[in-house]
Amino acid sequence: MSEAKSQRLSNEESETLSLRPCNEEADEEHKAERRCSSHRLLAPIYWLNMLASETHWSYVLAVVIVYGISQGLGGALARVGTEYYMKDVQKVQPSESQIYQGIISIPWLVKPVWGLLTDVLPVLGYRRRPYFVFAGLLGVVSTLLLSLNEKLHILFAVVLLTTESMYVAMADVTIDACVAENSNTHPTLASDMQSLCAFSSSIGALLGYFMSGVFVRLLGPKGVLGLLTIPAGLVFLVGIILNESNNQNPAYREVHQNNIFEAGKAMWNTLKFPEVWRPCLYMYLSLALSLNIHEGLFYWYTDSKEGPSFSQDTIGFISSFAAAGSFLGALLYQNILKDRPFRDLLFWTQFLFGLTGMLDLMMVTRLNLKLGIPDYFFAVFDASFSHVIGRLKWMPLLVLSSKLCPPGIEGTFFALLMSIDNFGQFTASWVGGLLLHVLHVTRTTFDNLWLAILIRNLLRLSPLCLLYLVPNTDQNATILPTEISGTKEGTETQVIKNVELVSLVSNMHGK
């Protein structure tokens, strides 16, 4: 018995000893997992610290302020606040509001002008800081006047709103120049800089739309516009703290002025090639024919008699889902569709873009209620899905624009192409407002809103007949003729890297 007992004890001891290393290995694995988890949580901080150490902390802060706070969060608040300001404060008709929205976007049509000013006209030896200061001042003054004036005439209100849009456009162009400069001086960090811009803008927009409805309900439209003085003040602060070298050389301005004339000549020569002007014509027409009647739909959404009578909070939540849909569309393009040929991708995205408009028609005719789908859930699905398709339609146009840029003037020519696209959206907004006026869609009358939606949807399909203007090539192929492209493939690749930034920051088409 004693031998059996001793044998049993020895076996238990050996098992304990054999399990001890396993337990120690398990503890080490758990510790390693905890370290990995903490490292993942702190990874964004490490990443921002790396960018700040390689470039400068003021540059990283400037990107977060301009893209994240001014354009992202501030842009979302401005859009929702302006819609309610036109409807509840100025009490204009939907068609008038649509026209005014087009006027407010005019500063974005002349983005190349702001870019050339920052390059050609330095102030006190600085090319970027003074324009941030000036833009911030414009924003603070215009938003304060809008929010504090009790009985502001509609014309003065439009002027002030246009001035607020101008400050955002100037800050956008100036920070784009800073990004381009740092991408050239730190080429290995170019993709990181674009990611910083994209994430800042996307997160800011999601937060802005999510909070916009609550702020409109608590503060009113003018109170929301008054909040925009904070982003504008931060842009002013960027102009004070931004790290920029001073150049007081008198010959500096003369050199840049000579460069601007050469750039203008090169752009004109480039636009003469059919390989360039034909895609430009398609981009303009595809955007101009996608009529914007968003203001008519917005008035109907908030109408208590004929519409679903959505509250301010609901409008903000729906807009946040739309922003999330745009971000999802960009991810889908980047991971699945970026290698598809231009014509194939543009055909299907334009076709689906026209079909998504039928969701608005179903809701206005109340077909969704007959199918048992509540207005809120149907509107959320409509906003999300339509913005996914809208982003997928927008992305190949940006890639096409980037591939049309000749070496040496990539930045200026790309800004010119973006202005053409913005002019297409401007045309869509004005013609959409005219359509609402002709069909007598007013603040309280929506009998013909379904017809405006149907006409818009049919026109959305019309660019399918113009796809012959687009090169039938892969998105990675060279489009420019050899006379102007040469063999500078590296330059073209650098321009394409800027597409992610522009696509995520730029405004999406309205409905």
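Glycine is treated like the rest: Cβ placed from N, Cα and C.
Because TrEMBL annotations are produced automatically, they should be read as predictions rather than curated entries.
Annotation comment: TrEMBL describes 1-30 as region 'Disordered'. Annotation comment: TrEMBL describes 57-78, 131-148, 154-175, 196-218, 224-243, 281-302, 314-333, 345-364 as transmembrane segment.
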Tertiary contacts of the transmembrane segment (345-364), as residues 6+ beyond its ends and Cβ separation under 8 Å: 286, 290, 297, 300, 308, 337, 375, 378-379, 381-382, 385-386, 389-390, 392-393, 396-397, 446, 449-450, 453-454, 456-458, 460-461, 463-464, 467, 470, 475, 511
Non-local residues, at least 6 beyond the ends, that sit with Cβ under 8 Å of the transmembrane segment (154-175): 62-63, 66-67, 70-71, 74-75, 78, 82, 85, 90, 92, 100, 103-108, 111, 114-115, 118, 128, 131-132, 134-136, 138-139, 141-143, 145-146, 225, 228, 232, 235, 238, 415, 505
Recorded stretch, among 57-78, 131-148, 196-218, 281-302, 314-333, maximising Cβ pairs under 8 Å relative to the transmembrane segment (224-243): 131-148
Which of 131-148, 196-218, 281-302, 314-333 contacts the transmembrane segment (57-78) most, counting Cβ pairs under 8 Å: 196-218
Distal contacts, the transmembrane segment (196-218) - CB-CB under 8 A, six or more residues away: 48, 51, 60, 63-64, 67-69, 71-77, 79-81, 84, 179, 224, 227, 311-317, 319-320, 322-324, 327, 330, 500-501, 504-505
